[in-house]
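What follows is a short report on a single structure.
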Amino acid sequence: MRTLVSSLNEVAEELVKDKLLYYFVLLTCIVTYVVYGIYQDQVVYQYQFSDYLGRLSICLKALFFSWSFFFYFKMLIKKEERLFYSYYITLKGMLSPASKVVVFISRVMLLNICLANYTYLKQIIPDIHAFRFDELFYQWDLFLHGGVSPWVLTHELFSSPYWTMFFNFAYNLWFLLIWGSFLYFMWYCKNEYNRQSYLLSFFMTWFFIGGILAVAMSSAGPCFMHLLYPDKTMYLPLMERLSNQVDTFWLLQIYGGETSQLQEYLWQSYSSRSTDIGAGISAMPSMHVASSVLLALGAYQINKKVGILLWCFAIIIMIASVHLAWHYAVDGYVALVVTVVIWKVAQFVVGKVGVKSKTQEVAMDTV
């Protein structure tokens, strides 16, 4: 009985550490509910909490198998004789104490609610604030890049289809890195200040940038401009160039991860007003860039060398987003600035509630 009470107290203490996450997710629910209440007669999408929970569980399973695969080869390199025993001991250590598992499940649920709210706002953009700023962002791109569309510059610098293949691969690698980072900070990170700062920033980035700002700055993106506005053909040469590279480059055909397939899927989902998972389209600001910048900011706090590498990855994603016709360049610039602001705000708030940074802890220890 005493052990049970002790375990429950331990769980309660760990859950209290996440109070900022609970408050923020509650805020996302209130905002989403208010938006739904105002526009319920105009929207066609249904809220999909259960669907996203199922999709999230699939992602977690995929990441678990990826980790197992990595662990297996790591043990082979180390020439570990008792491979399965080491695997068992490592898993056992990861799943103890029990409070760690309970907190993990609660954080996964919080993430699912936040992402469901973000996705709902993204999907109803055409209903509550129809795409209207695409041409404006096109003009901004011209103004900032000497009268030349940024995609022209990227395709001059990276003209080979091998670069298009590389950028496609980077866009797919983004998924593993972003969700792997969330698992790291949710599960492995021992510095509570870094953990809470990253998780709060992660939630804020997806909801504020991917939801609120996406509604306020509604735009579809270069790959959809000519489909939404048949007289706006500024990006048709880019789309034709990408299509030609796919048709003529055998490696892109074999790879199957090229973006034109996903762009076609998203457009068909939009046209049919489908409620499929991930059906919404939105360009400004770029969530790929925002989440990649956040990944670099968080990683730099843990390991400066890894952080620098991930800053390079964020730059690659910013270039790729333009090169592959997903985004206007200004989508990435805005995402970069707002993400840094969110990161600083999250660090400030986490520090205000009493979670000390590593520097503060060292300073206190030396007093």
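Including glycine, each Cβ sits where the backbone N, Cα and C put it.
Summarising the annotation, TrEMBL assigns transmembrane segment to 20-40 (among others). Residues 47, 107, 110, 113-114, 117-118, 120-121, 124, 127-128, 196, 199-200, 203-204, 207, 211-212, 349-350, 353 of the same chain sit 6 or more residues outside the transmembrane segment (20-40) yet have a Cβ under 8 Å from a Cβ within it.
According to TrEMBL, the feature transmembrane segment maps to 52-73 (among others).
Under the heading domain 'Inositolphosphotransferase Aur1/Ipt1', TrEMBL lists 138-343.
Summarising the annotation, TrEMBL assigns transmembrane segment to 169-187 (among others).
Counting residues 6+ beyond its ends, the transmembrane segment (199-229) has Cβ neighbours under 8 Å at 18, 20-21, 24-25, 28, 31, 107, 110-111, 114-115, 117-118, 121-122, 125-126, 128-135, 137-138, 151, 182, 185-186, 235-236, 238-239, 259, 263, 266-267, 270, 281-285, 287, 290-291, 294, 297-298, 324-328, 331, 334-335, 338-339, 342-343, 345-346, 349-350 in the same chain. The feature transmembrane segment is assigned by TrEMBL to 199-229 (among others).
Residues annotated as transmembrane segment in TrEMBL: 277-299 (among others).
Sequence annotations record features per position, and here TrEMBL assigns transmembrane segment to 306-326 (among others).
Annotation comment: TrEMBL describes 332-350 (among others) as transmembrane segment. Remote same-chain residues near the transmembrane segment (332-350) are listed as 20, 144, 193, 196-198, 200-201, 204-205, 208-209, 213, 217, 284-287, 289-290, 293-294, 297, 314, 318, 321-322, 357 (criterion: CB distance under 8 Å, separation of at least six residues from the stretch ends).
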